[in-house]
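Per TrEMBL, these features apply:
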type: TRANSMEM; residues: 12-37; note: transmembrane segment
type: TRANSMEM; residues: 57-80; note: transmembrane segment
type: TRANSMEM; residues: 92-113; note: transmembrane segment
type: TRANSMEM; residues: 119-137; note: transmembrane segment
type: TRANSMEM; residues: 144-165; note: transmembrane segment
type: TRANSMEM; residues: 204-224; note: transmembrane segment
type: TRANSMEM; residues: 253-274; note: transmembrane segment
type: TRANSMEM; residues: 280-297; note: transmembrane segment
type: TRANSMEM; residues: 304-321; note: transmembrane segment
type: TRANSMEM; residues: 333-353; note: transmembrane segment
Amino acid sequence: MAAPYAKLPAWVDYGLIPLINVTVAFLVAGLVVLLVGENPVRAAQLLVQGAFGSGDGIGYTLFYATNFIFTGLCMAVAFHCSLFNIGGEGQAYVGGLGVAIVCLAFDSVFPWWINLPLATIMAALTGALWALIPAWLQATRGSHVVITTIMFNFIAASLMVYLLVGPLKPVGSMAPETRTFAEGAQLPRLDWMLEMFGLTIRSAPLNITFLLALAAAFGVWVLIWRTRLGYEIRTMGFSPTAARYAGINQTKVIVIAMMVSGAMAGMMALNPVMGDQTRLQMNFVAGAGFVGIAVALMGRSHPAGIIPAAILFGMLYQGGAELSFEMPTISRDMIVIIQGLVILFAGALEHMFRPTIARMFHMAGGGTLKPTPQPGE
C-alpha cells in the first residue's frame, strides 16, 4: 500500500523532528531514572547544570563536542556517498600518530602556530591514507566497507600498542606514551573566549581546535553542497545507477569520499593529543569514532545539525559525570543507557514520528497528502 508523505521544510526536517526524537529519548530516560528511585527532574537539572552551569563545565562540554564534530563530519561525508565508515576510531588513532610525528620532530623548533598547520595536514593525511585501502577494496573488489573498516580499527589499535610500548616510548619510562611535547606543540586554551561572557575556566582543556572543528564543518558544507565533487558524492549516495549513467567515475568518487571521511577523523586527534594530553597516549580516542555515528545520524549528515548534536553529546559526557557524582545511584553505566536512548530515537527510530508530523503539517497548510510512488508506478 502506498504510504502518505509530504515535503517538509528544512527547519522541520533538520530541526523539529530531531528535537522531538531527542525529547522522547530524554522522557524515556527519565522513566529509567525514576525506576532507580531518583527524581528525573532533579537529575535533568544536575545534567544541564554540570554541562553548562559554570565556565569549567562549558569548557569540558565544548572540548568533548570538538571530538564529536570531527567524527560526526567523518561519518556524514561517507553517508552522503552511501558508505558506512565504521573506521573513524582507527582513522583517528592513526591521525594521532601523524600529530605525534610532527610534534616530536618540531616542538622545539617551531612555535605552535606553525606546528598546528603541519600537524593538521599530517593528521588529515594519515587518517585519509588509513581509509584508502578499505575505500579501494570497496570500489574495485566489492569488499564491504563496514567489514574492512571495522578490521582496520583493530589493526590501528594494535599498531598503536606496538609503537607506544616500543619505538615511541622514552628511554626509562614505564608508561605506554610518548614524551611530553615542548611548548611549541601545545595549543593555546580558549579561556579568553568564555571570559568575554564573564565565565572563568580553571582546568577545562578547551583549546583552539574547537575553532578548527567549526572551520572544518564549514569546509564540509562547501564541499558537499557547493562543488562538483560534492554533487557527484551525493548522486552516488542517492542512486549509483544514476551516477553511472551520468558518467560519474564511481571508483574515484568512493575513494575520495572515504579519504575525506578519514581525514576528518584523523583531525580529531589534534584536540586530545595537542590540546589536552600534550603527548600521545593509549586510548586517547575514547570511543569518539563510534559516537560520531550517532552525531551524524542526529544531525542528518548536515554540518548545521552535526554541531548542535555534538554539543548535546558533549553535554551528556560532561553533565553525566557530574550527575553520577551528585547521584551515586545513577552510575556511569546509566549515563551510557541515556546516550543509547538518544542514539536509538535519533538514529534507528528517526522516522518514527515523521509520518504523523508530515500529515499534521500538510493538513495545517490545507494541502492533500500524496501517495508514495511504488516500484513500477
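Glycine residues also receive a Cβ, built from the backbone N, Cα and C atoms like all the rest.
All TrEMBL annotations are machine predictions without curation.
Worth saying up front: this structure is predicted, and the values here are computed from it rather than measured.
Listed stretches 119-137, 204-224, 253-274, 333-353 were compared with the transmembrane segment (57-80); the greatest number of C-beta pairs under 8 angstroms is found for 204-224.
The stretch with the most CB contacts under 8 Å to the transmembrane segment (204-224), chosen from 144-165, 253-274, 280-297, is 253-274. The recorded stretches the transmembrane segment (119-137) and the transmembrane segment (333-353) do not share 3+ CB pairs below 8 A when only pairs 6 or more apart in sequence are counted, and are therefore not in contact. Beyond its flanks by at least six residues, the transmembrane segment (144-165) meets 78, 83-87, 89-91, 93-94, 96-97, 130-131, 133-135, 137-138, 176-178, 258, 280-282, 289 of its own chain at Cβ-Cβ distances under 8 Å.
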